[in-house]
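Step one of this worksheet: look at the structure below.
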Amino acid sequence: MSSSSFLSSAAFFTILLVLHPGFCHVSDGAQHATYIVHMAQSQMPSGFDLHSLWYDSSLRTVSQSAQLLYTYANAIHGFSTRLTPEEADSLMTLPGVISVLPEHRYELHTTRTPLFLGLDVHNADLFPETGSSLDVVVGVLDTGVWPESKSFSDVGLGPIPSTWRGGCEAGTNFTASLCNRKLIGARFFARGYEATMGPVDESKESRSPRDDDGHGTHTSSTAAGSVVEGASLFGFASGAARGMARRARVAVYKVCWEGGCFSSDILAAIDKAIDDNVNVLSMSLGGGTSDYYRDSVAIGAFAAMERGILVSCSAGNSGPSSSTLSNVAPWITTVGANYSGVSLFKGDPLPDKMLPFVYAGNASNAANGNLCGPGTLIPERVKGKIVMCDRGVNARVQKGEVELVADAHLLPATAVGEKAGDIIRHYVLTDPNPTASVLIRGTVVNVQPSPVVAAFSSRGPNSITPDILKPDLIAPGVNILAGWTGSKGPTGLASDARRVEFNIISGTSMSCPHVSGLAALLKSVHPEWSPAAIRSALMTTAYKTYKDGKPILDVTTGKPSTPFEHGGTALMATASDQSGTYLRSNDGGLLRLPLSVSRRNYTCDPSKSYSVADLNYPSFAVNVDGSGVFKYTRTVTSVGGAGSYSVKVNSETTEVKISVEPAVLNFKEINEKKSYTVTFTVNSSKASRSNSFGSIEWSDGKHVVASPVAISWT
C-alpha cells in the first residue's frame, strides 16, 4: 500500500493544533532556583585532582547547603545546582566561572512514511542492512520507552556493537533485562525536574526509563523501529510499521516528565549520550528561541557535533506565523513538518443524513466557548448536532470529548485548514438552518498533491541568526503511525480506557525522527561523513517540486511554499547516491561563539574579517538593507566520483542579480573538493523590499544538488 496515504473525510468540523508554549523559567517560589554553571576547565587550580572536587569547592564558597545536581564533562564543563539569586551572583565572581545561567523548561513538540520516502526494497543496494548498518546507534531524548513494543524486537540482530559504552538503568517498572540487542540503552534523568517540581509522582509516571506518555516510544520507533507486520490503529493505516533505520540500534534517554523537560536533565542526558558513543541524537523538544549561550539544547548539540554526532531537532509547532522556529543553531539539523491527512475515529458512524450544525461560540456561555474547552458547551444546545470548534488552547481530542463529558477521536470529528474553516464558519453563522455531516472514509492512498507544508510547522526566518536559513528541511509529521505506550489510550486523555500497540499522532516531533533515522542510514553507508556532510546531503537532494514539476504547496495558503517554510524542502532517501556534499569548516563564524558553548578559547587572525557567511552552509540567507554586493563562497565535495556539474540559478525576482563563478565544476575523483562564489547584487532603487526566493542548482544531467536561497530586507 502506498505510504503517501492520509486519513480523509468531508471537512465540516474544525479542530486544530494547540500552539506550542515558549520557554518557561521555573522556580520553587522560595528564592532558590536551579542554575547551570559553566566552568573554564583549563583554569582548574593545581591543588585539585578532579574537576568535580573543584566544582564542589567553588560551590561551598557561596553556599554551605547547596548540592551538586549534576557534573558535566562532555556537553559542557561545569555543574548544576540550586542557589538563591544572590548566591548565583557571588558564584559568578569566582575564578574559572564562565557563566551562571538559570535553568529553562522545554516542552515536547507534539508506517507508512518509509515507503513514501523511497525506503523500499528497490533501495536495498543504497542502504545495505549488514555490516556497518547494524552498528549505528540512534539516541533519543524524550519521555522514555515502552520496551515491550514489538518495534523494539531484536530478532535477526547480531551482538551489540563493540563500540557501545552505554547501559540500561533499572527503576520503577523497569529492569535492565528489558533491554536487548535492539534497545541497547535506556537511562532516565530526573534530578533537575525533582529539584524544581518535587519527587516524581510514581502513581502517574515511572521513575525509570519506562514511557508512560507514549511520545518517546513513538519517536524512537519512528527513527529506528523494527519491522512489525499488520500494524494499524483501529484498522487505519494498516500495513507493516517500520522505522527509518530499522536495523539500527536504539538508546533512550528519558528527560521529559509530566511537568516538562528541564535543561539540567537535558544536558546530563546529552553528556551521557556522548560518553555512551551514540552516532545520532534525536530531540523532539524545544520552545521559543534564546541566544545560543543560554540554550542548553544548542550548547549540548555543539559538543555532540564536535564528537561526530548528528543532532536532529524539531522546528516547533507554532506555525503558520513567521519567525516561530525553535532549535535554530547552525550545528543543529532543524526539521519542519509536511502534511498529508485529517481524522481518526473508530466507532459508530453518524446517521446517513445531514445533521443540525452549530458554531461552538453560539452554544456556550463561556467567553472562550468557541474553543470547545472542557465544560464550556451547553448540552441542550449541542445534543444531536455537529459542532464547529475553533483552534486554540486545549487538545483537539478534548474538543470532541466535551460533548459527552465522556487523532483517535472519541467522537466523529475531523480537522480542516484555515481557508476551509473560514468558509465553513461563515456558512454556519449566516445560514438560518445549517446542516452538516462527517464522512469517515478510512485510509485513503495516493492523495495529490502530497506532501504539503503542515500549517502547524514553525516558520522562518531565523530570529537568532538571520544569515542562516532555517528550517533545514521538512519531513512527514502529520498522521504518523508508530509504537505507543501501554499506559495510556491513543488520545492521552484520562477518560480514554482504550489500549493500543500503535498510535497515529502529529507534530514536528514526528518529523524529527524521520530525519534522525535517515541520517543513521547515511552514517552506516558513509561512516566517515561528518554531521555537516550528512545534513548537506539530506538538504541538497531533497525534492522541491511534485512529479508534475509544480512547487510544493503550503497547506495554510494553498500557494507555493518558500524556503522559510520548507528549507531545503521535502526529505527523500536517495541522498547518499548524490554528488556535491558541503563540508563545513570549523573556522569563520564559529570562532565567535561564547566560551560557554565552544568550551575553549580561539585566537582570531586580526588580518581577516569573520562573518556567519563564512560558514559552509548548504543554503543562502541574504539580508540586505540597501544597495550593495554580497558574496558567499561555498566548498563542495564530490561523493560520486568524476563528473562535470553545471550551475543553474533560479530566482523569482529581477531586483537582485545572482551570479555564480565558476559556472562549471569539474571533478576528477571521489572526495575532490571544489569552491564557488555566489554574488548577490542589489539595486535598492528598483527593489520592492519584499522577501524573494530562489535556488542554486548543480547538475551533471542525472543528479541535481540544490541549495535554497532566501533574500530578505532588514
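Yeah, the Cβs are placed from backbone N, Cα and C, and that goes for glycine too.
In TrEMBL, annotation is done automatically, which means it is predicted and not curated.
Annotated features in TrEMBL:
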ACT_SITE  ASP142  active site, charge relay system
ACT_SITE  HIS215  active site, charge relay system
ACT_SITE  SER509  active site, charge relay system
COMPBIAS  201-216  compositional bias 'Basic and acidic residues'
DOMAIN    34-109  domain 'Inhibitor I9'
DOMAIN    135-545  domain 'Peptidase S8/S53'
DOMAIN    614-711  domain 'Subtilisin-like protease fibronectin type-III'
REGION    199-222  region 'Disordered'
SIGNAL    1-24  signal peptide
Rounded Cα-Cα span from SER509 (active site, charge relay system) to HIS215 (active site, charge relay system), Å:
8
Which same-chain residues, if any, lie at least 6 apart from ASP142 (active site, charge relay system) yet have Cβ under 8 Å of it:
LEU108, ASP211, HIS215, GLY216, THR219, SER220, VAL252, TYR253, LYS254, VAL255, CYS256, SER282, MET283, SER284, LEU285
Which residues of the chain, 6 or more past the ends of the region 'Disordered' (199-222), have a CB below 8 A from one of its CBs?
108, 110, 113, 138, 140, 142-147, 149, 151-152, 168-174, 186-188, 190, 193, 241, 243-244, 250, 252, 254, 256-258, 282, 284, 480, 482-485, 487-488, 492, 503, 505, 509-510, 512-514, 517
Determine the Cβ neighbour count for SER509 (active site, charge relay system): the number of other Cβ atoms within 10 Å of its Cβ.
30
Using a 10 Å cut-off, grab the number of neighbouring Cβ atoms around the Cβ of HIS215 (active site, charge relay system), all chains included.
26
Structural state census, the domain 'Inhibitor I9' (34-109) (DSSP three-state):
23 helix, 27 strand, 26 coil
Summarise the model's confidence over the domain 'Inhibitor I9' (34-109) as a mean pLDDT value.
95
Of the residues in the region 'Disordered' (199-222), how many are helix, strand and coil by DSSP?
8 helix, 1 strand, 15 coil
